[in-house]
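Annotation source TrEMBL lists active site at His184, Cys234. Annotation comment: TrEMBL describes 1-48 as domain 'CARD'. What TrEMBL records for 106-238 is domain 'Caspase family p20'. Annotation comment: TrEMBL describes 278-362 as domain 'Caspase family p10'. If you look up TrEMBL, you'll see 250-275 marked as region 'Disordered'.
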Amino acid sequence: LQSAGSRGEQARQLLIDLETRGKQAFPVFLSILRDTGQGDLADMLIEECESPPALPHPVDLRPVELDLHREKRDRKTSPRTASSGIVFWCLTVPCACQVYELKSDPCGHCLILNNVHFSQDSHLSTRDGSDVDCKKLEKRFKALRFHVLTQRDLKARDMVRELQKLAQQDHRTLDCCVVVILSHGCQTSHIQFPGGVYGTDGKPVPIEQIVNYFNGSNCPSLRGKPKLFFIQACGGDQRDRGFVVDCPSPEDEAPAGSLASDATPFRSTPANTDEPDAVACLPTPSDILVSYSTFPGYVSWREASSGSWYVETLDNVLEQYAHSEDLLSMLLHVSRVVSAKGRYKQIPGCFNFLRKKFFFMCK
C-alpha cells in the first residue's frame, strides 16, 4: 500500500484489495480494526454500508484521526500526526440504493452518430476533426464495457431512425444506455431540453425529441436505468469573449471552428394548467442526463488535428477518473478545463435528472 503514492491513493488501493479478496475480506478487516483499538472506525464503516461484506465501487475519501490507545477522539479537530495517534483515510461507502448498479457485460449500448460531411444546399461546412472525436469515444466506451455502434453522415430522418431503433431494442438484460452525437448544432424552440443537431441534409433534430425516445414512457426496458447523452454541437452562433477575472486563463487562439445557427424564440408552456394527482411511479424524464459541449446559444469549438475541446477533455477525464469518480464529478472537471481554453470561451454543462450516483465499470 505504501508504494501506491499519496494517502488517498493508498486508501483507494486498500479498497481495491478488499474487493478482490472474497466476501470475508471486509469482515476480517473490521475485526482487525477492533483488535487494534480502532472500533470507532469499524462502527463508522458499518453504519455507512448496508451490506459490509460487499463493497460497491464508489469511494469518498476523508481524513479521520484514529487514536490507537482507545482515547476518546474529537472528530471536530483537524487530522494531524501525533505520538498518540496516526492519520488514516476513512473509506466512506455509499449504500447500494444511492448508486446505479452496472452488473451486465456489456453494461449497455452506446450509439455514436458522427456527421462530418454535409450537403451543399445545407450551407454547413465539413466538420474537420470530428473523426478524431469519434475514434476517441469509440475506444473509450468500449473500455467502459459498452457495446459501441457508430453511424456516419446521416440525414435527419436517418438519425431519427437509428435512435428509434435503439430505443425499441430490448434493454432488460442491460443496465445503461449511452447516445453520443457529433454534428453541427442550433437553437430550437423547446419545452424540456434546449438545442438541436443537424443531419447532413441541413435539417435539425431537436435534442428534446432525441431524449424523449428513451424516456420512461417510450422505452419501458430502460425504466429506472441511467440514460446518458453527450452532445458535441454548437448551441447557436454566439461567440463568448468571456469576462476578466483575477486568475488569468491561457490565451490560446480560438481555432477556425465551424459555426451554425438556427435560433428560434423560446416558447413557454401554457400557464395555469391543472395537473393530475401524483401516483406512485417515477417521473417520465427520470434517470436521464444530457451533457452539452457548450451553453445554449453559443459556439462549440473544434480543431482539425485534435478534435473538439469538449470531446478531447471528456476523453482525458474519463481516462483519468472513471475508475474512481462519479459522472457528475467528472463533468465538473470537464467544464473547468474547457472553460480555461482559448481567446474565445466555451463552457460545457448538463441537464441532470439522475436519481443516483453513476459510476462507470472499467475493464
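Note that Cβ sites are derived from N, Cα and C of the backbone, with glycine treated the same way.
Remember, predicted model here, so these are calculated numbers, not experimental data.
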CB contacts for His184 (active site) [other CB atoms within 10 A, all chains]: 26
PLDDT averaged over the residues of the domain 'Caspase family p20' (106-238): 93
